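Enquirer: I'd like to ask you about the structure that follows.
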Amino acid sequence: MSQVNKKTAQMTQLTLLIAILVVLTFTPLGFIQIPPVEITILHIPVIIGAIAMGPVCGGILGLAFGVLSMLKATFMGVSPIDLMFSPFASGAPIQSLVMCILPRVLLGVIAGVLYEVLKSRLSNDALSIGISAGAATLCHTVLVMGCLWFFFSAIPLKEVFLTIVGVNGLLELGVGIVITIAVCKPLMKYLKTRVAV
């Protein structure tokens, strides 16, 4: 496959994953509801793209995820925490932008870099994918919660942190690992056959 065709294929794949992010962000499809908790799967396309296409693509997908989070918080935010992700509603526009963008970009970069390192050291690809997905998800959760605490310390963060990390975070971690392994293994096999053509 020529260099131009590879770039076109990669741009097409990125566009498809961004479209999936848009659908997941603005519809209920991005959330799994198991009362009393709601688990988000919005981060999963970023991790899948980072693992399948590399850390640069992961960073681009993370940027898209951050911008979409900001838009959703601005136009569809309902809780006080949602509104902190909106530079227009939070009262701290720069902090909201940093909180929306930085953890999401790092989510993709960390997943991509970690997978690149692990795939050469571990013989089990599913294990490399699972560790990368889990570590990136955990880093993302810690970074977002850290930004909330650092920028908006007036929030009763202890209760919020315990709820999100204790319940949602662990469930999102498990769901993220399972879905990422299930999607990445066949996707990467398909992408390798497409590149070889």
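For all residues, glycine too, the Cβ spot is worked out from N, Cα and C.
Pulled from TrEMBL, these are the listed features:
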- 12-32: transmembrane segment (TRANSMEM)
- 44-71: transmembrane segment (TRANSMEM)
- 91-115: transmembrane segment (TRANSMEM)
- 127-155: transmembrane segment (TRANSMEM)
- 161-184: transmembrane segment (TRANSMEM)
Enquirer: Please indicate, using numbers and ranges, the residues of the same chain that are 6 or more beyond the transmembrane segment (127-155) and have a C-beta under 8 Å from a C-beta there.
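Expert: Cβ under 8 Å, 6 or more out: 43, 47, 50-51, 80-81, 84, 90, 92, 95-96, 98-99, 102-104, 106-108, 110-112, 114-115, 118-119, 161, 164-165, 169, 172-173, 176-177, 180-181, 184-185.
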Enquirer: Using Cβ atoms and a strict cutoff of less than 8 Å, what residues sit near the transmembrane segment (44-71) while being 6 or more residues removed from its termini?
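Expert: That would be 10, 13-14, 17-18, 20-22, 24-26, 85-87, 96-97, 100-113, 115-116, 129, 132-133, 136-137, 176, 179-180, 183-184, 187-188, 191.
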Enquirer: State the residues, same chain only, that lie 6 or more residues beyond the ends of the transmembrane segment (91-115) and have a CB under 8 A from a CB inside it; answer 'none' if no residue qualifies.
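Expert: Sequence-remote neighbours of the transmembrane segment (91-115) are 43, 46-47, 49-51, 53-63, 65-67, 69-70, 73, 84-85, 128-129, 131-133, 135-137, 139-140, 143-144, 147-148, 151-152.
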